[in-house]
Amino acid sequence: MQLRQRPSAVRGGGVNYAPPPSPPSVNSVYNIIPVHDVLADHPSQRSPEVRAAAAALRAVGDLPEHPYIPREPQMDLFDWLRLFFGFQNDNARNQREHLVLHLANSQMRLEPPPAAVDALDSGVLKKFRRKLLRNYTAWCSYLGMKSNVIFPRRRTPDDLFRRELLYVCLFLLVWGESGNLRFAPECISYIFHFMAKELNYVLDEHIDPDTGRPFLPSISGDCAFLKSVVMPIYYTVKTEVDSSRNGKAPHSAWRNYDDINEYFWSKRCLKKLQWPLNLECNFFGTTPKNKRVGKTGFVEQRSFWNVYKSFDRLWVMLILFLQAAIIVAWEGTEYPWDALEGRDVQVKMLTLFITWSVLRLLQSVLDAGTQYSMVTRETKWLGVRMVLKGMAAITWTVLFSVFYAMIWIAKGSNRDWPDEANQRIITFLKAVLFFLIPELLALVLFIVPWLRNFIEELDWSIVYFLTWWFHTRIFVGRGVRQGLVDNIKYTCFWVLVLVSKFSFSYFIQIKPLVAPTKALLKLRMKHYKWHEFFSKTNRTAVVLLWLPVVLIYFMDLQIWYSIFSSLYGATIGLFSHLGEIRNISQLRLRFQFFASALQFNLMPEERLLSQKASPIKKLRDAIHRFRLRYGLGGPYTKIESSQVEATRFALIWNEIIITFREEDLISDREFELLELPPNCWNIRVIRWPCFLLCNELLLALSQAKELENESDTSLWLRICKNEYRRCAVIEAYDSIKYLFRAIIKAERESVIVNNIFGEIETYIQMGKLTEAYRMSLLPRIHEKVSDFVQLLLKPEINLDRAVNLLQALYELCVRSFPRVKKSIPQLKEEGLVPEDPELLFENAIQFPDAEDTVFIKQLRRLHTILTSRDSMHNVPLNLEARRRIAFFSNSLFMNMPRAPKVEKMMAFSILTPYYDEEVVYSKESLRKENEDGVTTLYYLQRIYEDEWRNFIERMHREGLEDEDDIWTAKARDLRLWVSYRGQTLSRTVRGMMYYYRALKMLSFLDSASEMDIRQGSEHIGSHNPTNHNSSLNDLSSNRPPSARNLRRADSSVALLFKGHEYGSALMKFSYVLACQLYGRHKAEKNPRAEEILYLMQNNEALRVAYVDEVSLGRDETEYYSVLVKYDQQLQSEVEIYRIRLPGPLKLGEGKPENQNHAIIFTRGDAVQTIDMNQDNYFEEALKMRNLLEEFNIHYGIRKPTILGVRENIFTGSVSSLAWFMSAQETSFVTLGQRVLANPLKVRMHYGHPDVFDRFWFLGRGGVSKASRVINISEDIFAGFNCTLRGGNVTHHEYIQVGKGRDVGLNQVSMFEAKVSSGNGEQILSRDVYRLGHRLDFFRMLSVFYTTVGFYFNSMVIVLTVYAFLWGRLYMALSGIEGEAMNNATNNKALGAVINQQFIIQLGLFTALPMIVENTLEHGFLPAVWDFLTMQLQLASLFYTFSLGTRSHYFGRTILHGGAKYRATGRGFVVEHKSFAENYRLYARSHFVKAIELGVILIVYASHSPLAKNTFVYIAMTISSWFLVVSWIMSPFVFNPSGFDWLKTVYDFEDFMNWIWYPGGPFKKAEYSWETWWYEEQDHLRTTGIWGKLLEIILDIRFFFFQYGIVYQLGIANGNTSISVYLLSWIYMVVVVGIYIIMAYARDKYATKEHIYYRLVQFLVIVVTVLVLVLLLEFTKFKFVDLITSMMAFIPTGWGMISIALVLRPFLQSTMIWETVVSLARLYDLMFGIIVMAPVAVLSWLPGFQSMQTRILFNEAFSRGLQISRILTGKKSA
């Protein structure tokens, strides 16, 4: 077949013109199947289903012709639509293949198969059309319109069939060319609606009333659809994005993708936009901003109140319980129910309803305050409802307050309750009943969820009218309730959690505080230590006492959730059979069942008539699985080698072991021990891998020796108790027999050998072996045989020795072994002694050919079985290999759907967005040394020591002679070896291409007959393995796949392929890399383009999609979405499709836009979204078809739309930090996700190995959201969208995908910052608001505590520490603490808060899920050991540090915004980060906060009477000090060479240079403090007025130090007048004044008139000394006051600078600003020195550095680093 390479446009600066659209020709390039060419010799064309689908599309026959464009030959329905509606040619080509592939695959899956195989089944098309257009149909119903998908009754079935096909084609063409509009699914529905209407007119040959001619669509011509429909809407989005100032403008000021989409949720779009699109409409970006349509559906306002607004039901519950608990606890009874017996308390409890109505008022005010801008003339009813809701809430509040007051008035001063008061209580309760009607209604609908779903999904006006009061009518979030069973499950879970939390809160938190509160309120302070404004009462102290407790009360539900989810998750894990096979030892015990389990799960069953599984069949499968799991029943204990199943198992198992060898996880020796060799040498049993048989033969021999006098039966029964022992004995016997027959060629000796074996076998059959032979001699025979086999394995065989051994064996067998000695005549008669007297075996031996590697390999196996005494529990040695084998074998005993045949499986694609990361590491990057002289290669050689040895062994086998030549002879292999251990694109591609490899193998096994498998096994057995795995690595050979596959390993199934496997695999699997910049890389000759081409060259199923920019001159550029592949016949890259885009790709967030442009090139029913830092494993790829079957199973009341997949974090071994991160992540992606999916039913989509139901998402906005900033955590929004649109997300743990995580502290922190900022943005989003309001109460709790609530509560923990410490400081400085100490109850009770704060700080609760999951999967003791090791490696320091990162970025994002994508680098972290870099990254998030807390603790220690008791002080503040230490020290503890003295000195110099380096517009933050300082305050420029106000209020706290401390100074002399504080400001003014004078003098005189500058300095010093002397002489001033006052005035200065930053717009143009900047510089210098001081001390101490290296890295690398340092020292010496 002749292939044509399409012309590619010139990129970059040169002028170029877009290629003219050309009709599809027979010789055009194709993607997967050549749909255009019926006669092409392609495996897919042999499939009748493909031919049927293609034929259906060619039925153009009697369709109306276009009046102006002649019909082309070989035209199909796509071409016909293209001509009429102006779609692009390549869009039609792309969707043609897309549809043919899908319909063919769907038809293949039909059970039973259709009668006419060559015709497309109408049922297949109907089902697909319904699924594809379900969102469109729902949209029509929602808007009360009739769908334009019409099937007239009078038409013929063929006509209706073609009409249905046309609707599908039209929708796919619209979707395929919509570009960025795919993020607005209802916009696409709108476009399709009108185009389908015009299609109906054309098909029905409607006459156009305007022209009197047959109707023509309103848009047609070249690219008409793109230019007339897509571009106007696209440019509207672009205009809005441009007005967002790169996402820095408030979200409420511009429309994002969701706003554009939600415009189509109301009927106004039909009236205003019309069709063809009315470009004058105020929807479009061409309209001036003030007249344009504003926000639609929701307004995102930045405020902390969003946490309340979105989850108001949660806060109402918490606040009401807190109020009730305080009322009850105040009574002082032992149990709450005792207090509730009193009528007074019962009446006080009625205040809950006043609070509730106030909270409703708050909610209505927040709704109105944030959403008012949505109210326009068109949405006036929205405004009416806002006003009415507010008025109703006010009415209830007033009503309840009045009724409540009337109750107490009626009671008066009576001790008993009169009837009138009781009557008023009843009146109050009647009002309460009315108030609660909505809640009771909600409760009824919660109990009957299907009723709520039914009502919500009804699109009747009456339903809308009745529910108008409760919520806005929106298209999503309807009918999202779960089934009754799921409802009960998650309700029980949350009831348990809430009961535990509220019991704990009442008895441990609230009740103990009542006594000290009462005591404090009674306490009459005689003397305050300062000027007290409210001296009559201690209410401020009471508030500060309660504040930390209330904060803990609000957040500790997170901890209870964590505890219960851990326990529940572990229980589910146990019942899912996770962790049953934890290691190789456990696998050995179950290996034969494992073989049957593999057969049962991975090999398809023969399905007869119906595909539907009957209950009986399900029960039979369950019983079968149970018997497999526990080895019950005979059929699963013995698989003999004659069985086809055994051979199938061997083929699959060996392919897995081959991939292990390719990946260098195992050595050649381990490969032989693990492989299951095909049957040869006439061995009668399955030849289990050697590592199972080792030592078994020796044990059998000792048993035979022990039971010498027993019968054959009892001996054999003993041996058969162990299956491996039985197999070892039979295999050894058969092998020895075959060996002797093979090498003894002389007839005389050959007869004797045969007779010896014949006689033994006769006795065995008679059951008299032990009677006839002396079993005690078996060890001697075994010894001789072992020696003989060992001799044969030597390169030079000693003939004399061989003859001697054979003669000795002969003597033993003939003379000594039989119990009854026979005479020579008897032996001659039996043929055991030769007739002639010549010596035996002298000329009888023919040694095996040294080149006969198959024979040698079998000999090696026999030798291993004969001689191995080792139990081989450490095979394989590599921990990763052991983990993978254990997980895979365990997973086959878990519940999973049965696998269908490959042709019956669902087709799927993988989509990986790639920007500009590493593809393959270059030579230079491997050789580049860090400051310790450590290269990346050296680092990896130490971390992966065994894998490096295996790699070198493989290279030697492939021709490498000297290891030093590796850089020249095997450079590519070396680079790949390193790249496969990093987070590179090549690693991801290799992993994902295992799917293709697995499908080819499974396709062969599905179709292979028993004869094929038997003969194939023999063929593999006899195949020469000299180039054993020589080029298995998909990326280690330049040959095309066809040639390369024949060089596969000796036991590889690929040798047996017949050819159809490639076609089957390609029809079921495709891999699209969305390499956005590939075109630019090619133009710039970037090495990354070559590497990507190399990946395509070596992976035939790989396609690359990129955006091509074609310059047309005059500043015009066209953008194209291009798909390319590597053509093996042309040996070059060819372009498959080129589809023009409406404009630049990136309008929102980059990654989702990149995914979106490439998703049109994906194929199949499912798409797996894989990130650039992921990996896959061949053995897991085998289970993919099982996983895809999950889409057909109901989970609850719905089938899944996202299949969640377990991740394995592969970066844990790199450093201790990476281990902490991976342990935390592993518990989240396993236990965490498990609980979210079942029972909570709120698993969303996190990370990227999830598998999406592609056609479900295709019409609902795609696999992620892309609005600027708000969707920065793009992936979770796919889960939100899925849940709100009625999808179902499940989680499956029998399959795993590898995932890399960040490994250095700075990378980890940037990742945490990105995720925390993302959660801060989620809080503002409409998706979270709708989830909070549309889900039932308990699912809403689940959503909160597993998404934004986790980050909110992290922040609350930090605020609790602040509240606690500020509270203590207030008590100490005011004197309340001293006064209270005199009262024993107060003293005891004041410590009540401490313990709680300490408990929270332990951080055990964040570690609990980790420990539980570890216990489940690896056992209790290993889990405890891991946890203790982590603590010794300072994991708590890291987790506390992470807490600070999360709370800082989350809080800052909610207040001020500033969320942005932070590239973390994903490299290997072996280099030391400079102090200045760490300071830049952590100064504001950690260091300044830690210093503030440290100052509070020091001031408290010096002024608190409690602190005089050291133990009390330590107990109170130890956790706070731990927080301070971890926030300051973590960046240095987890920094390689963080405590190296020389580096610390250099770092300090570097830091000083950075601080004093002048700023400027072109200076980078890395070089200039000033640039960094301005960048660090950026968020304050973009924040709103409320953000600025709150920031100023928070900054006022710094002035408190001065207020509290000045009264404690000696100079104050105990005076508590306010004037003391006011006078203290003189000091501040003087200090700032002196600083300004000095700065002015320096600028004016320092350079030219230096003497004047010195004079000014002298005068300032003299005046200062004079003032000090005067103060000492005439006042009570003490010298120590100087130091104490530092603690007072330094924080004040920082507070002033912080406020000045908020007021920067007003101050920047004044003289003050210069002073602010220079003071800020001094403060950062001071902070830097404070942080540097402990680092310098630890660096100076000997031994600290080596200890840190040991903590940070594993032992091998630590040793290597020390050695390399010594060597570097020698070099420099």
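Backbone N, Cα and C atoms are what each Cβ position is placed from, and that goes for glycine too.
Listed in TrEMBL for this protein:
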type     : residues  : note
REGION   : 1-22      : region 'Disordered'
DOMAIN   : 162-278   : domain '1,3-beta-glucan synthase component FKS1-like'
TRANSMEM : 311-330   : transmembrane segment
TRANSMEM : 350-369   : transmembrane segment
TRANSMEM : 431-451   : transmembrane segment
TRANSMEM : 458-476   : transmembrane segment
TRANSMEM : 488-508   : transmembrane segment
TRANSMEM : 533-553   : transmembrane segment
REGION   : 1017-1044 : region 'Disordered'
COMPBIAS : 1027-1038 : compositional bias 'Low complexity'
TRANSMEM : 1420-1441 : transmembrane segment
TRANSMEM : 1512-1534 : transmembrane segment
TRANSMEM : 1585-1606 : transmembrane segment
TRANSMEM : 1618-1639 : transmembrane segment
TRANSMEM : 1651-1672 : transmembrane segment
TRANSMEM : 1679-1702 : transmembrane segment
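Per-class residue totals from DSSP over the domain '1,3-beta-glucan synthase component FKS1-like' (162-278), listed helix then strand then coil: 77 helix, 2 strand, 38 coil. Mean pLDDT for the domain '1,3-beta-glucan synthase component FKS1-like' (162-278) in the predicted structure: 92. Between the transmembrane segment (1585-1606) and the transmembrane segment (1618-1639) there are 3 or more Cβ pairs closer than 8 Å, counting only residues 6 or more apart in sequence, so the two stretches are in contact. Note on the transmembrane segment (311-330): residues 336, 339-340, 345, 348-349, 351-352, 355-356, 359, 363, 502, 505-506, 510-511, 514, 550, 553-554, 557, 1332, 1337, 1340-1341, 1344, 1349 of its chain, located 6 or more positions outside it, place their CB under 8 angstroms from a CB of the stretch. If one looks beyond the transmembrane segment (1651-1672) by at least 6 residues along the same chain, the residues whose Cβ comes under 8 Å of a Cβ in the stretch are 1611, 1634, 1637-1638, 1641-1642, 1644-1645, 1679. When Cβ-Cβ distances below 8 Å are used as the criterion, the transmembrane segment (488-508) is approached by residues 321-322, 325, 328-329, 336, 482, 553, 556-557, 560-561, 563-564, 568, 1238-1241, 1338-1339, 1341-1342, 1396 of the same chain, each at least six residues removed from its ends.
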